[in-house]
Structure formats: C-alpha cells, structure tokens
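Below you'll find the structure, written out as structure tokens, and then a few comments.
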Amino acid sequence: MAAALLLLRALRQSPEPGPWRLWAQLSGRSPGLFSGAGGRRPYVVRGTPIGLAAAGGHTPQSLLLRILTPSFEGVSGLLLKRHIVPSAIRLWQLSGSTLYFNTSGLKQKNKDDDKPKGKAPEDDEEERRRKEREDQMYRERLRTLFIIAIVMSLLNSLSTSGGSISWADFVNEMLAKGEVQRVQVVPESDVVEVYLHPGAVVFGRPRLALMYRMQVANIDKFEEKLRAAEDELNIESKDRIPVSYKRTGFFGNALYALGMTAVGLAILWYVFRLAGMTGREGGFSAFNQLKMARFTIVDGKTGKGVSFQDVAGMHEAKLEVREFVDYLKSPERFLQLGAKVPKGALLLGPPGCGKTLLAKAVATEAQVPFLAMAGPEFVEVIGGLGAARVRSLFKEARARAPCIVYIDEIDAVGKKRSTSMSGFSNTEEEQTLNQLLVEMDGMGTADHVIVLASTNRADVLDNALMRPGRLDRHVFIDLPTLQERREIFEQHLKGLKLTQPSSFYSQRLAELTPGFSGADIANICNEAALHAAREGHTSVHTFNFEYAVERVIAGTAKKSKILSKEEQRVVAFHESGHALVGWLLEHTEAVMKVSIAPRTNAALGFSQMLPRDQYLFTKEQLFERMCMALGGRAAEAISFSRVTSGAQDDLRKVTRIAYSMVKQFGMAPSIGPVSFPEAQEGLVGIGRRPFSQGLQQMMDHEARLLVARAYRHTEKVLLDNLDKLQALANALLEKEVINYEDIEALIGPPPHGPKKMIAPQKWIDAEKEKQASGEEEAPAP
C-alpha cells in the first residue's frame, strides 16, 4: 500500500503526461540523458526504465524504486522467458514506454518539421483525437503495469515465508544446528514465528525463506518447553534463543483485513472498469470478445455448400423451408398479396435425420447471409453473457438483413421456465431465453430476419418460444421411409467405387435397413468402403455392405471372447428359440441370419430379422412379437431346465410392449379404451399420475397376465417342435452362423407361407452371373 501511495504521489507531480515522464522523474533523470548528444541518431534503450534509475538515496522516489525494481524486472523476465511477449521491444510497447528519446533541441526541431502545412480543420480534429486515444492507451497500460507491480511486490514479500513446520523439525533441523536467530510468539493465534540466520541450511539445502511458522498446542508454556529443549541440547546461556511476544490486538487485525479488502476491491473495480471500456478504442478486447456471439457466417452467394439437390429424401420438409427461401429471394411476390411469411421455423425429429443438413441447404439456396450458432454457446458460467450474445447475434443479423439466423440444439437455451412451485431454476438460462423471445418478436423486432432452429426434444421447449409469431412453423423430420432410404443410399453411393451400379444396391439396402436414420445410412456406406480397403479390394462388393449392416446392427465379431462349451450350447439354444418361434408364427418377421459369435456390443449372439415398414399394429401382431422375444428364455428352460441372465434385454422389450398395450393402446378389456402418457426414465415418482393407485394395480395385473399368456404360448410352440429346435441348435454349434436358406433346408419352409426377405447371398449370385459375362471377378466373401 505504501508503494501504491508513493507511485500516485509521483504521478501527480509529473509535469507532462505519458508514462516515461513518470519513470524519468522516479529515477531522477530526464529523457535527454538517454539520447545521443546533439543531433546524433538516438539509440534504443536496453533494459527497463526502473533498472536504469539510481538505487541510492532516501527520497520517496528511490524508496519506491527499490521496492518495485525487483518486481518489474521479474515480470519482464518471466514474460520474455515464457515467450508470452516476443521481444523486449514489444514489451516496451505494451508497457507504454518510448523506445527512442531525443534531446530537447532535436525534439523541438522535430516538432517544427512535423507541423502540418495547409491542413484542413477536420484533419486537426482527427489528429487531436488520435493523440487523445494514444494518451488513453498509455494511461491504461501504466495502470496495468502498476497493478502487476503491486501484486508482484506482495508476492515477493510473502515469498520470505517458508511455510509451516512441526516441533520435531524445529528442534532437530533448526535449533540443534544453530540456525535459529530469534523466535516471536503470537499468543492470539497460537502461532510461533521462527526467524533464521541469513544463509541458513535447513534439510540439507540453503534456504531463501528466513521465517517459518509453527503451530503450538499450549502457547503459554512454549517458552518453558523451548528452554527444556535447549537444556537437552546443552546450549549455553549466552547462545539461548531470544523470545519476543507479538500482540497485534483487535484494531491491528481489523486494519490489516480492511487494507487487504480495499486492495482487492480496487483491483476488481479496475478490472470491471476495463470491461466497461469495451467497444471504445483503448479498451481491453478480451471482455468484448466474451460478450460477442461466436456465430458462423455462411455466404450463400458463393454457391459453395449444400443445396436441396444434395439433401436426399425429406420431400415435405424441403417444401416447408423452401417458402422461406422464395420469400428472401423475391419478397414482393408475397407482399403484394398481403401475405406475411412466418418469423421462424422449428426443425423437429430424431437424431441423425438431417435437420442441420437441411439448414445448410437453406443457407446455400437462399443466397443471403446465414448466421449459424449452437444453443450451448450462449450460456457460460459468467452471468449475463447469454443475453449479451443473443443481442450481439441479432444485431449482426439486422445489419445484414435480409438474412437467416440458425440456432442448433435450441433446447439448451429454450427449456421451459420454472414456476414458483418448483425449486429447479436457472436464472442465466431464463434470462437468455427471455432475451431471445424479445429479439424474435418484441418491440424492436426488425423484418427480413428469419430464425431457423432445430432440436430433437420439442417436449422441453417453452410455450412462448413455440407460439405463432416466433417459431410458428414446425417442420417434423421423421425417420426416412423405404423410398427415402433408397434415395439417401443413392446419394451416399455416388462417392464409392462399386462393382455394380448404385441402383443395384440402393433398393436392397433400403429394404435391409428399416428404422435407420440418414446418419446410420451414411455410416453403413462408410463402413463398407473401409472394410473393402482393409481387405485390399479395388472396389466395394456386396459382402462389404453385408458386413457393414451387421456391424451397425450388432457390432463386430469379438474373437477374443472365448465361451465355454456349456455357454456355447446355452447361447445356441437361446438363439434357436428366437429363430424357430419367428419362423413358425404368422405375424413375425423373416429370420435373415442367426449367429452365436460374441459381439462387441456385449451380445453373445444375435438373430437378424427383417422388420417391415409398418405403422399400424394389431393386437395379434404385438402378441406374437412378445412370443418371439420370449423364445430364447423358453428354449433355455425347456432344454436345460434352468434359465440364465442372457434374456435380460428380451424381457425388457416384452415388458415395454405389454405395458404399451395396456396403458397406451387400450388393448386390455378390463382397463378399457384409455391411454396414458408413457413414464419418462429417470423421473419416476416426480409429478402427479393421471390415474389412481387402484387403476395402476389393475394395469400391472393385466400386463403380468399378458406376459404370462405369451410365455405359455411360446412354450407350447417349442414343445411341439423340439426336433426342429435341436436341429437348429446343432447347426449353430457346427457353423456358428446360419442364414435363411440354411434354416429352410433344415426345418422346411414357413408354415404360413414364405416370408419377405432380402438375402445378401442373392446379391453375390447376381455378381457372379455378371462376372461370367466377362467382367471382373469379385473375390469371395
């Protein structure tokens, strides 16, 4: 604090503005002393200004120099050593110092030469403003250096303390070796301060720290304990350690705490003052960068990027967003009819369906600026940044209007605001959401700024965000249909080198992948190409796609996991039970492949089915799906008279289907045609249920009856076909993998007619037929 007061006093006495005058006054020299004599060329001053000052004397300036010189030199050396500042010249520039100094005569000559000749008044005003900005920058840099010097001085004073020691270390390492100079007792804190001789050797090394603190249990008997230790060490009376008592008192401690608090508050005030200078020249840009929205600008006029032709499928969604593109291209066509284009659109749908890809296509097709930003980038740990970034984003959008603002994963900032009854509240997120609502449809809303947002959690969005006037156009992007999957495969297969035309694979792959998203389809095509490259093929073949589909569905085969003979038999009968029940029942899907090879997704085996693109299910179809899922557990119980934990996933699926039939689909006669929302995982017990406890017990009872009836039916089917179950299990134990043709050869065709299937083996046969016509021969899978 004394150093700070002295520095301020010297600053007030400085005759001219600028930091170098201050350093010159503190050192007792004038700027002319550092220049060449007469008209000689000035030279660059090496070293710090404080380091050039005289160290002697007892003036306030010399005292301040002795305090601040080590700190300044330490900070300068650290910045240069760590390469934080590239050179000493740059360090002088940052600290506001002057590199070149002239004599007074040369300085006056330069002023005369630099006088403007025939300048306009506005040029003089601009020159005056430039000098004011430079002076402001100098003052801010000097204040920054002043704070660094004070902090380093405090740290330097604290560095003389060597920390805490124990009584044993004090006696054995210090007292016994004669390194203790004096001892000071602080009774109020039960602390003893031990001062050592300069150059003392402690723990085998010379120590720079000369003061150590020691906690004492009974401070009143410390001196008695010290004298007893000296007696044991045979220390003579003249060499005994002097003991003094330090009583600070209440006012001393209070003044010390008040002083440290004042220093901390002053530093905080200065930091926030710098933050308030953002936006003006001379201010620190770091605070301004925090408040700026980190968005990505896509210029659609360049023609580079994703177009609607590159987005396969999503026909209805593209029609919805094309209206925004048409409005931005030719708004007069809409305005002359009095139409108002929606302010924004919300893209909804499961993950991986192409919401972000569609937004990129809009950016290219609209040929207007496209400002994209992710929802999580708004909210930070510092309060108020989210709202500031929203304002910054829309300010930039208005300046570039007409334009499109795209917010990805808007659920990060658009969650429903908490009510007074709930204790889960996030003020920062709510403030960000409120600012977003105002910018989208508030008093200062500007036209020609369209907002697009995407999320896969529309249920958590605030109602005010979804109302007409904001995100009033809701575009739902569902999982692709069979035709859309074929188009997506065609799009991704264009970049692959194939043995057959892309149309040969696209239809079959689309039928193999019901329920797959666009991201899953892209992953399959990429995995097929990677597998072909690993195998050393020059093009992608059918079995590469077969491997890719199997890898995405069940994972890769884990050859390092070796099962015992008994476990292999259990897995074989388990998977055979699934396959046999699915083969014999009427409303089940075709079994494409059965494998007992362990997989990386923790599955010991799997049965690959070919589900249909179906949107309506009857009670009989759902019941037989439950029977097929229970086929593995029933086969284990029949074959081994015991069950294992391998059916855990099957039981989970059966339970979900049973409760859906009872609670949502109204398929339980005793419950009636009612439907209740599905309970969300992780929220059990939170909120009120829309049914009574008695009705809950009735639904539980109906679900148990439904599962029990499905299990009995599954057991009956397997008991009536034990020979077929045994044949399938033996084939699996022998080959590990069997397909549709193998099952048909073992147990005959399905009793309810052939099931629809797409066997990859037929693709290979088609390739072989083409090879016979003279084309390149495909390697064996």
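Glycine is no exception: its Cβ is also placed from the backbone N, Cα and C atoms.
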Out of Asp478, Asp520, Asp649, Asp650, Swiss-Prot lists as part of the Zn(2+) site with His574, His578 the residue Asp650
Out of Ala312, Ala397, Ala399, Swiss-Prot lists as part of the ATP site with Gly352, Cys353, Gly354, Lys355, Thr356, Leu357 the residue Ala312
Compile a sequence-ordered list of residues in the same chain as Gly352 (ATP binding site), six or more apart from it, whose Cβ lies below 8 A from its Cβ; state 'none' when nothing qualifies.
Ser517, Gly518, Ala519, Asp520
Tell me, if you would, which residue among Glu575, Asp650 (recorded positions) has the fewest other CB atoms within 10 Å in the structure shown?
Asp650
If we check Cα distances from Cys353 (ATP binding site), which of the recorded positions His574, Glu575, His578, Asp650 wins as closest?
Asp650
An 8 Å radius from the center of the Ala312, Gly352, Cys353, Gly354, Lys355, Thr356, Leu357 Cβ atoms defines the neighbourhood of the ATP site; name the other residues of that chain inside it, in order.
Val311, Met314, Gly349, Leu358, Ile477, Ser517, Gly518, Ala519
Which has the fewest other CB atoms in a 10 Å radius around its CB: Ala312, Cys353, Leu357, the listed binding-site residues?
Leu357
When you look at Ala312, Gly352, Cys353, Gly354, Lys355, Thr356, Leu357, which the record names as binding ATP, what is the longest CA to CA distance in angstrom?
13
What is the number of other Cβ atoms found within 10 Å of the Cβ of Thr356 (ATP binding site)?
17
For the recorded Zn(2+) site formed by His574, His578, Asp650, name the remaining residues of the chain with Cβ within 8 Å of the site's Cβ center, in chain order.
Glu575, Gly577, Ser607, Ala629, Leu630, Gly631, Gly632, Arg633, Ala635, Gly646, Ala647
